[in-house]
There are 2 protein chains.
Amino acid sequence: MKIHNFSAGPSILPQEVLKKASEAVIEYNNIGMSLLEISHRSKHFVDVMENARALALELLGLEGKGYKALFLQGGASMQFVMVALNLLEKRAGYLNTGTWSENAIQEAKIYDDIHEVASSKDANYNYIPKGYSIPKDYDYFHCTSNNTIFGTQIKQFPDSPIPMVCDMSSDIFSRQLDFSKFDLIYAGAQKNMGPAGTTLVVVKEDILGKVSRKIPSIMDYKVQIEKSSMFNTPPVFAVYTSMLTLEWLKNLGGIKAIEKVNEMKSRVIYSEIDLNPLFKGYAVKEDRSMMNATFTLANDDLKETFDTMLKEAGISGLSGHRSVGGYRASMYNALSLDSVKALVEVMSELETKA
Amino acid sequence: MKIHNFSAGPSILPQEVLKKASEAVIEYNNIGMSLLEISHRSKHFVDVMENARALALELLGLEGKGYKALFLQGGASMQFVMVALNLLEKRAGYLNTGTWSENAIQEAKIYDDIHEVASSKDANYNYIPKGYSIPKDYDYFHCTSNNTIFGTQIKQFPDSPIPMVCDMSSDIFSRQLDFSKFDLIYAGAQKNMGPAGTTLVVVKEDILGKVSRKIPSIMDYKVQIEKSSMFNTPPVFAVYTSMLTLEWLKNLGGIKAIEKVNEMKSRVIYSEIDLNPLFKGYAVKEDRSMMNATFTLANDDLKETFDTMLKEAGISGLSGHRSVGGYRASMYNALSLDSVKALVEVMSELETKA
Ligand SMILES: Cc1ncc(COP(=O)(O)O)c(C=O)c1O
Ligand SMILES: Cc1ncc(COP(=O)(O)O)c(C=O)c1O
Ligand SMILES: [Mg+2]
Ligand SMILES: [Mg+2]
Ligand SMILES: [Mg+2]
Ligand SMILES: [Mg+2]
């Protein structure tokens, strides 16, 4: 049975990427050795790293604009720490739109003063705050573009008078944005970019080197840039598989092309949620995420029936996070429109049954 | 042509491990999805993580002795930082036996006072200092069991009056030791344990929680232990492949069995180095590493001939690190005795030619 994989992350990857990655584990490029067995300083792997870094900048439209791309270890959670270590001198402003923003704030507080410029905690994060102001004298402003758990997404980014840092872990490469509005973007690979184990950081070089604290070498963006993202042994397989996914996206037509598909997928799911009386959307409409659609059953008695129907249809990874309950359909780049249609079919079938 | 892979790291892995890892990238355990595509909170992956952690303790003989095993991100270089963050309150003693010790010292100095209890820098690290003393009032003592670059290895560990921390990146699981002498052991996976992208940390719980600084959650060993090594998304593929390698080692008979093979391999290479007048060993004999044999040509004019012969014999990854020059034969667990014999054959063939 074909599985429709709605997992929130690690999540679905393109079949052709999995095939190539699997082959490279046995033998890379006919060199008689696995990709896992060769020196990261060999030309074979240096080319992979450089290609991945270049593709990331190219797809974001950030080539030649003073940005560098890094593939680091530690996950997005390590960036919560590194952002503060590298940029926080006195005070920073954070937009609190959910669990991941909260975590980013908590870790940054270890180093200095953090001010929540706005928060949607009052409504369990079912919306994105608007109309807040960002103080000019802060070191930077931090936001989370897509709230994986609550299913909200920032549609309109503020014009920040200070460096803008964004956690794009769950929607990078999924929609067109003016990425040059941001000074630092980070994203764990395991949603739209590759397997777990590497994190993309795209940073404008001129914001670095302004804090007075000593930064451990491995956590210093300047050092990582100097070392071409190989201060130490990189997570070879995760970088290679991310490179393959970025190549797949480029061949598809880049962000512009995938955005169209993502728009269709989200239209299909949200219209079912709205039209079908058995389901209720969680996030307020204007802030709905194109990546993670969160919804609940109007009547919890139907849960068992619905879950069984989902299972029979091969729909996997649909349970909502415990902070929201209900269901969450994560529809990252590699998920096909067909999988969303399969889900919607089950939802409308439930209506006929109920 | 069969490649004899002497790479210093990332390095050779068992063929059966590569085969299983490759298959899991396409589909894991007949679940209709790749290992890369499933939630790390699913039972499928939680089992992998728990199995890997248990195997590590079992192979080291540390079950039920107050230790916990963690599979973290960031490489051994991140442990240079985490060790200091978690354990350094006032002062620590470090044994300086090479580049990696130097790096560990440099990163720890960011946090507090570091004292080199002894160093072999005076002889470009071709030996292991002995007879030094470890002050009782320091927070911990740090050493590097095997010096990957210089080809030396500690044979006799001191009886430390304070917690003993050891970087075993390049010889973990290769020889029998009383591992309970150590309070914290760390090792990047990419030599004896798996692909690059995860780092094993084995820590005795009772040494933790004694420093006054605030530690970022992701870098706090206590937090990682509480979260069963899943504070955030782990490097799924690297952990799985490490688990497969640990299973392979267990099926082989564990460290005791592989130690015998490693002893044979190192006897074969070092006797050739000693008996063949064209080669000179770099490290002093009593401190020679069983994992990385470093040697030079007595006459550099033979370099081109030797390199061509190596190439023709399919011998790969033999160039020495620039800090030593010459050659380095890395003979990790997965390298067969046959590969070492193939190398030695080329070395003795050179003697007939010269
Ligand atoms: C928006 C966002 N930020 C951060 C994280 C944490 O990522 P990691 O597990 O790589 O630390 C996640 C994980 O799902 C996320 O969705
Ligand atoms: C003994 C030792 N320690 C530390 C390291 C650094 O490891 P990583 O690249 O994982 O940070 C190495 C790498 O070769 C090593 O051999
Ligand atoms: Mg969230
Ligand atoms: Mg409805
Ligand atoms: Mg060394
Ligand atoms: Mg000799």
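First residue shown is number 1, and so on along the chain.
Backbone N, Cα and C define each Cβ position, glycine as well.
Here TrEMBL flags B:ARG41 as L-glutamate binding site. According to TrEMBL, the feature pyridoxal 5'-phosphate binding site maps to B:ALA76, B:SER77, B:TRP100, B:THR148, B:ASP167, B:GLN190, B:ASN232, B:THR233. The domain 'Aminotransferase class V' annotation in TrEMBL covers B:3-343. Under the heading N6-(pyridoxal phosphate)lysine, TrEMBL lists B:LYS191.
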For B:ARG41 (L-glutamate binding site) and B:THR148 (pyridoxal 5'-phosphate binding site), determine the Cα separation and express it in whole Å.
36
Name, in order along the sequence, the recorded positions among B:ASP167, B:LYS191, B:ASN232, B:THR233 with a Cβ closer than 8 Å to any chain A Cβ.
B:ASN232, B:THR233
Measuring Cα to Cα, how many angstrom lie between the residue listed as 'N6-(pyridoxal phosphate)lysine' and B:THR148 (pyridoxal 5'-phosphate binding site)?
10
Does anything in the same chain, at least 6 positions from B:SER77 (pyridoxal 5'-phosphate binding site), have a Cβ under 8 Å from its Cβ, and if so what?
B:ASN103, B:GLU107
Which recorded positions from the set B:TRP100, B:THR148, B:ASP167, B:LYS191 have a C-beta atom lying less than 6 Å away from ligand 6?
none
Mean predicted confidence [pLDDT] for the domain 'Aminotransferase class V' (B:3-343):
98
Near ligand 5, meaning Cβ under 6 Å from any of its atoms: which of the recorded positions B:ARG41, B:TRP100, B:THR148, B:LYS191, B:ASN232 fit that description?
B:TRP100, B:THR148
Which residue among the binding-site residues B:THR148, B:ASN232, B:THR233 has the fewest other Cβ atoms within 10 Å of its Cβ, if you could check?
B:ASN232
Binding-site residues close to ligand 1 - of B:ARG41, B:SER77, B:TRP100, B:ASN232, B:THR233, only those whose C-beta is under 6 Å away:
B:ASN232, B:THR233
With Cβ-Cβ distance below 8 Å and at least 6 positions apart along the chain, what are the contacts of B:ALA76 (pyridoxal 5'-phosphate binding site)? List them in sequence order.
B:TRP100, B:ASP167, B:SER169, B:TYR186, B:ALA187, B:GLY188, B:THR199
Which has the fewest other Cβ atoms within 10 Å: B:ARG41, B:LYS191, the recorded positions listed?
B:ARG41
Rounding to the nearest whole angstrom, report the longest C-alpha distance spanning B:ALA76, B:SER77, B:TRP100, B:THR148, B:ASP167, B:GLN190, B:ASN232, B:THR233, listed for pyridoxal 5'-phosphate.
31
Could you say which of the binding-site residues B:TRP100, B:ASP167, B:GLN190 has its Cβ with the most other Cβ atoms inside 10 Å?
B:GLN190
For a Cβ distance below 6 Å to any atom of ligand 2, name the recorded positions from B:ARG41, B:ALA76, B:TRP100, B:LYS191, B:ASN232, B:THR233 that qualify, or say none.
B:ALA76, B:TRP100
